[in-house]
Amino acid sequence: MTERPPSEAARSDPQLEGQDAAEARMAPPHLVLLNGVAKETSRAAPAEPPVIELGARSGAGGGPASGGGAARDLKGRDAVAAEARLRVPTTELCRPPGPAPAPAPASAPAELPGDGRMVQLSPPALAAPAGPGRALLYSLSQPLASLGSGFFGEPDAFPMFTNNNRVKRRPSPYEMEISDGPHTKVVRRIFTNSRERWRQQNVNGAFAELRKLIPTHPPDKKLSKNEILRLAMKYINFLAKLLNDQEEEGTQRAKPGKDPVVGAGGGGAGGGIPPEDLLQDVLSPNSSCGSSLDGAASPDSYTEEPTPKHTSRSLHPALLPAADGAGPR
């Protein structure tokens with residue numbers, strides 16, 4: 001608002017009458033209240049500002065004594081109070097709990113240009129419990145933040161709970177170490193179980209295949225893993241000895257001065273009997289290998305007893321009739 005000279009303001013303003021003129025004379029220096037607007041004048045001001053009684057507004061004789069400037073003053077104060085009541089204080093949960101700040105902005109508009117007093121307006125009734133309610137919310141949220149689990153943030157944010165002393169002091173089934181969560185333990189346990197199961201299946205499959213290669217008198221005889229290994233070693237040693245005997249007989253038949261009895265037998269590798277049939281007859285229950293396989297394993301079963309070479313060479317002619325006849329296989 002631009003300022004005007006006193007002479008121009010005097011010409012443009014309407015003349016004050018009655019109580020308005022008296023109140024204008026008692027206004028502060030160089031200020032006149034007209035419709036709630038202060039204007040400059042050259043009149044002198046009284047020593048003290050007037051005190052307006054609130055009860056004079058509703059009195060029966062509220063004529064010239066209570067009208068005019070007093071009514072405008074009361075209207076201005078009512079507007080300021082209504083504006084302060086419309087302001088709703090907001091509660092911010094992100095701030096730490098503390099005493100509620102004093103409503104400083106609400107008291108600023110209470111100062112009027114024509115009056116030296118200040119009116120202290122109290123906040124609305126709903127704003128009073130805002131402070132305790134905020135403190136209650138923070139008191140409830142502090143135990144949740146102190147749990148220190150992976151759902152509330154990184155464990156480094158709570159260094160006082162990273163130690164295992166809390167778990168040792170109050171052990172319970174729902175507490176755990178923060179450094180090693182349940183997800184890591186479950187994954188490790190599943191991986192270990194699957195790896196052990198796969199290894200056991202491979203071992204069982206290998207023993208089953210080895211059991212099929214070992215001949216026994218009842219073909220479906222139940223054998224333990226230890227028995228399967230012992231019989232497999234005996235069977236391998238017997239086959240190696242049989243091959244050595246066949247090679248020796250072949251070399252002796254090729255010599256010119258060979259015994260005719262041994263040559264007539266034809267029990268070498270060059271005979272008419274296939275090697276597969278010979279091996280089956282050797283592993284029959286009547287043979288020495290079959291009886292040793294069905295019998296109990298002795299401590300010295302891992303080593304073969306040394307036998308003379310002529311005994312080994314005479315093994316095959318004795319087995320030939322059993323192969324040609326109807327001997328068991």
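Glycine is treated like the rest: Cβ placed from N, Cα and C.
Features of the protein shown, as given by Swiss-Prot:
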- 58-70: compositional bias 'Gly residues' (COMPBIAS)
- 263-273: compositional bias 'Gly residues' (COMPBIAS)
- 317-329: compositional bias 'Low complexity' (COMPBIAS)
- 187-239: domain 'bHLH' (DOMAIN)
- S12: phosphoserine (MOD_RES)
- S122: phosphoserine (MOD_RES)
- S172: phosphoserine (MOD_RES)
- 1-28: region 'Disordered' (REGION)
- 40-78: region 'Disordered' (REGION)
- 91-125: region 'Disordered' (REGION)
- 247-329: region 'Disordered' (REGION)
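Mean pLDDT of the predicted structure over the domain 'bHLH' (187-239): 93. Here the domain 'bHLH' (187-239) has, by DSSP, the following mix of helix, strand and coil residues: 42 helix, 0 strand, 11 coil.
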